[in-house]
């Protein structure tokens, strides 16, 4: 503390004496001063002597024997010359009243000092008035020493010197006035001046003369300018000039910039001598160049590598220059039908670096002797084609009976700097077993005023099984960039929503496992005009009437059979039809609403990039360090400095070298998607770099990375309100995306990024569809020809690939669970198939540890099997807002239960709205034996029953574990149904028991076996407890429901 006070005191010590600028000095006058006096009998100008016996002009007054003296002396007009505070130095002598014989009591030994401001010399004999107002009094001046008769006789001079100041002054000038009211004195000298801080060199900066402030306590900030070859650091460099013209409080400093070192006590910045360099600004001295580098001139900021040696972009400047590696050695190939295993040994010379990796270049040489060409996009590489760290690779999906040449390149961090191609070893192989050819012709099957039905034949060379077709169309009068694309699993499609009488251009292409073939040639078809349509109706009217009579009986029979056989099957079929209808009508939105446009609908994807993403010049981007690796290349952090804007921290995704055109297109598609979004909870695209290498996507930088790993690193560190705030941000971002008609498909905590302010932003747009078939990553599982993250995906999306905003809501519920469990893996160590089975059997995840009931209820609402019953993202945002505004709603936690454990919730419960009384509801769920118990305990209405918890069920007298489970699950579903009627309001549902970890669960078991004793309710045959290696907590497996009609076999996990 003492050192801190000392430092503060040193900051306030003046650095250099003030400079005084004189405005008026009476001692320099060579003639009469000519000041105005009032009355004439008062002050008198006389010649006198100063303390050095120099002749000077003075004023004196001594009317002490006359009463009521009021003698004024006024100077001439004094211009202030920009000064804000004026100082007056007065030298005077005063006669001691007591030394004057017979002096009356009115004798004074003081006088008053006044000033008056004016814009010009306007004073007269009578103006300003000789009184205190309008004059402004500065002070009453008293003598420190006065002289007596003895002093006078001995010619002893006792001169007093007093300095007074006043301000602020703002007009062009001023007058001074001295008022005597009964003294005997002599005004020997008057000097009027102002002060300013002098020019000074301090902390490597030059500060020019600065006028002091208007008040004695004023501190006027002055900006310094750095000495030659120095730059400011930390904060703008400042000194403060006080009211007395003294420099105080130095802030900031200048340091020699890169390439210069400080000499002569820091007053000069000298360029680094030849053979030395200095990379950064600072006080440190220049250092010698590292190995294999040199400088060519003084003032070097880095040393240039010698010929044949290079420095990578991210290498520190003090690191020795290195070279490229030699070729790999001893390549071994093993062919198996259309797949290949390659192995090799590292090169002899790594170039002096430790970042050696390998790239695989595939060339297809066909069956003839023509030149080889790069392989197509259908070839698969495991683990990847570029940037291999191990000397082996597995290559699959090659063409049958085709000759290939594979080049194994050895590259390191300076390969891109070298003008020479990477060194490589090559191997030639021939496979033992491609995209389909173009569709040759398309036919019009039928048309109406707003639709056309088309069909086409299979490609002449399908080269495998046709998975589906993609049809693109646009109005002939419009540009091809306005094309709309739709997919069809068959070679027939009906295009709806067209204009009457308009001509449309159609093209189609087929897709196999090898990818899409080429589009067919452009074909033109026209919809009917209104007149043509009316004519066709009249021609078909007799046929329609005749057919209707014959078909009516058949239709009635079909309807009756359909209703009787399976009402639920009808509902499912209706839902699927609705899905198809939605697929064709989803593009019709409210006029004026911004709609997401799929970049893959553009024939030239580069056009989508140009339309939605801003091109950034590579010179504006500075890559600093690699922070990760993605599917297409490295992810780096760096800075972006656009002209006219401040420098910002950004994340940079780079496209690895050796990419194919398809990889480049897929890589930039994410930018085309992100560029359409502008929301605080959606990752912001700054722009792209496509006109230089490497190709880059530049986004805002999120300091805390992905949400799942961030939560795991900060387990238990946040309040519930903070976690709800994160969830609210994610929901707001998803609401924005849903309003734009964008379906994410891969919403998970790993795809949410977190910045330093804990703001969560949705990211990862479009890349999941391009994941390689890597069996080592169980997150994405093949399903119906695509990759699906099973644990986060809604059941209809898994089974039918029906991705909608409602399926994103299901995924959002999983994200909620991830957040509240601090990044636990959903469904723990269950297999993906076990997860699918459990969801189909209507079980759901339990609440994580310390999860409020209201939040788990919202999760359950998101996991409604019927997607139409799930809340919209707008409702979710409103619900979370209400929780944040009312924190008390988050205090109710799901309690632990010693008698029952229901980790996965049964959702197959009848709709309570179909019953009139609680008794009917109990009968419907086969719990009628408790009707009297419910009535006696006061649970006689659905509103009261919906609020029951486990302790209420126990108090009613339900002791059997299976019955507790049945009633509790039914109450939970009742709450969900109530929320669907009253809109989702985040009301608490079931409070779920938990184990010692974030959640509690039981081992899977064969539902056909009896695994517990019906007499004591204790579970037998359970697996041992497992320890989650990623979390270090004891957790138990998953509990699946048993046959609901076997009440005696309902079991629970141990407590």
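For all residues, glycine too, the Cβ spot is worked out from N, Cα and C.
Lifted from Swiss-Prot, the feature list:
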- 1-18: signal peptide (SIGNAL)
- 20-202: domain 'Eph LBD' (DOMAIN)
- 265: N-linked glycosylation site (CARBOHYD)
- 324-434: domain 'Fibronectin type-III 1' (DOMAIN)
- 336: N-linked glycosylation site (CARBOHYD)
- 428: N-linked glycosylation site (CARBOHYD)
- 435-530: domain 'Fibronectin type-III 2' (DOMAIN)
- 482: N-linked glycosylation site (CARBOHYD)
- 565-1055: topological domain 'Cytoplasmic' (TOPO_DOM)
- 621-884: domain 'Protein kinase' (DOMAIN)
- 627, 628, 629, 630, 631, 632, 633, 634, 635, 653: ATP binding site (BINDING)
- 746: active site, proton acceptor (ACT_SITE)
- 891: ubiquitin cross-link (CROSSLNK)
- 913-977: domain 'SAM' (DOMAIN)
- 990-1055: region 'Disordered' (REGION)
- 991-1002: compositional bias 'Basic residues' (COMPBIAS)
**Complete:** All chains considered, the count of other Cβ atoms within 10 Å of the Cβ of residue 265 (N-linked glycosylation site) is 6
**Complete:** Helix, strand and coil residue totals from DSSP for the domain 'Fibronectin type-III 2' (435-530) stand at 4 helix, 44 strand, 48 coil
**Selected stretch (most C-beta pairs under 8 A with the domain 'Fibronectin type-III 2' (435-530)) from 20-202, 621-884, 913-977** = 621-884
**Asked** For the domain 'Fibronectin type-III 2' (435-530), what's the model's average pLDDT?
**Response** 87
**Fill in**
For the domain 'Fibronectin type-III 1' (324-434), the candidate among 20-202, 621-884, 913-977 having the most Cβ pairs under 8 Å is 621-884
**Item:** Chain-internal residues near residue 627 (ATP binding site), provided their CB is under 8 angstroms and they sit 6+ positions away
**Value:** 635, 636, 637, 651
**Prompt:** Can you give the largest Cα to Cα distance in Å, as a whole number, for the residues 627, 628, 629, 630, 631, 632, 633, 634, 635, 653 that bind ATP in the record?
**Reply:** 14
**Fill in**
Around the recorded ATP site (627, 628, 629, 630, 631, 632, 633, 634, 635, 653), other residues with Cβ within 8 Å of the Cβ centre, ordered by sequence, are 636, 654
**residue 633 (ATP binding site), number of other Cβ atoms within 10 Å** = 22
**Prompt:** What is the interatomic distance between the Cα atoms of residue 891 (ubiquitin cross-link) and residue 746 (active site, proton acceptor), given in whole Å?
**Reply:** 31
**Request:** Out of 265, 336, 428, 482, 746, point to the one nearest residue 629 (ATP binding site) in space (Cα versus Cα); all of them are recorded positions in the record.
**Result:** 746
**Asked** Mind checking how the domain 'Fibronectin type-III 1' (324-434) divides into helix, strand and coil residues in DSSP?
**Response** 3 helix, 53 strand, 55 coil
**Request:** Out of the recorded positions 336, 428, 631, give me the one sitting nearest to residue 482 (N-linked glycosylation site) by CA distance.
**Result:** 631
**Item:** In three-state DSSP terms, the structure that residue 627 (ATP binding site) belongs to
**Value:** strand
**Prompt:** So of 629, 635, 746, 891, which of the recorded positions has the fewest other Cβ atoms within 10 Å around its own Cβ?
**Reply:** 891
**Prompt:** Where residue 746 (active site, proton acceptor) and residue 631 (ATP binding site) are concerned, what is their Cα separation in Å, rounded?
**Reply:** 15
